[in-house]
Ligand code: SF4
């Protein structure tokens, strides 16, 4: 068809003509008119700041996604080695039977999920699992217990401290998630060698009561404060796909960005709906929302490790890589992540190999709140006139 058409057209019409070659617009000027002021300032930052307004976080979150991920990648390169990804393994050391009512959780005793409650795992069994994780390339070992808090759990705390010391003795970073803890428990864990304590805020302050009623947002913040005061790294992030709106994802990032210091680690979980829980029929968060949240977190929390956590198994390899390119730099890997399936070590190693990533060394990010010196700020100029909001509420 095209052959006969070309035969029937005069030669002059078929000849392709080229105009004078103009100098292409600079990358800076191309993106300048799409970048809101808050993002311009953030991409030029050389240190984390803890005085974010919610409007600033919103401006960043609502930047067109291709610009947002470009800026996030630039910030990522300034504060981190963009090829290094931390491999963590998370083991449940006490499963099920929890008195709390977190609407997403398989381990709450309030929901019929079919999960069998167990006693706490013996110390030697946990250390064996940590050794396997280390031998497979994980550099951080995390241990989770399904309960509300550590009150009246003296024997458990003693055993957990043994686990913490044992894992540290292997040269691994060690993290625990044990619900609410007080100042003394935090100090004891610190003395045992704990690297980080995970306690997620889950979502915004406003949306939180629709997800959990048995403990308050302020109680969660109180635990984070005990952890921080004890000199333990804070790991605190959220869960996406709970039914929250964009404003709640913005609210979550805004809250952690204004803590006295940014968390060392910010896990971004995609809800894994568990049958029998109130959120058992929810759909996976749309990928663009997940990516947008990761990129915003990377920019607003520039020195923090942004952790692609639960739900990663539902992402394609290309989607995972898009998250790494937008600033995620840690994953959970191994046989299980608490009670849900997890991408395995071999699969992750192969993915890293294909895309040019490598596992972060233990303690590589320790105390790193300063930017990497060799990378320059992203070229952005100041012009907010045409900043276009791109995200709608879910
Ligand atoms: S406190 Fe933890 S284990 Fe208990 S229901 Fe909530 S998320 Fe699940």
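Note: Cβ is positioned from N, Cα and C throughout, glycine not excepted.
Checking the candidates 54, 307, 312 against TrEMBL: the one annotated together with 142, 175, 235 at the [2Fe-2S] cluster site is 307. TrEMBL assigns the feature region 'Disordered' to one of the listed ranges (331-362, 363-394), namely 363-394. Other residues of the chain with a Cβ within 8 Å of the Cβ centroid of 142, 175, 235, 307, the [2Fe-2S] cluster site, are 88, 90, 140, 177, 196, 198, 265, 267, 330. Residue 105 ([4Fe-4S] cluster binding site) is 18 Å away from residue 142 ([2Fe-2S] cluster binding site) when you measure Cα to Cα. Contact annotation for binding-site residues (142, 175, 235, 307) versus ligand 1: none, no CB falling under 6 Å from a ligand atom. For residue 235 ([2Fe-2S] cluster binding site), the same-chain residues that are 6 or more apart in sequence and have a Cβ closer than 8 Å to its Cβ are 175, 177, 196, 197, 198, 199, 263, 264, 265, 266, 267, 307. Note on the binding-site residues 98, 102, 142, 175: the fewest other CB atoms within 10 A surround the CB of 98.
According to its DSSP assignment, residue 102 ([4Fe-4S] cluster binding site) is coil.
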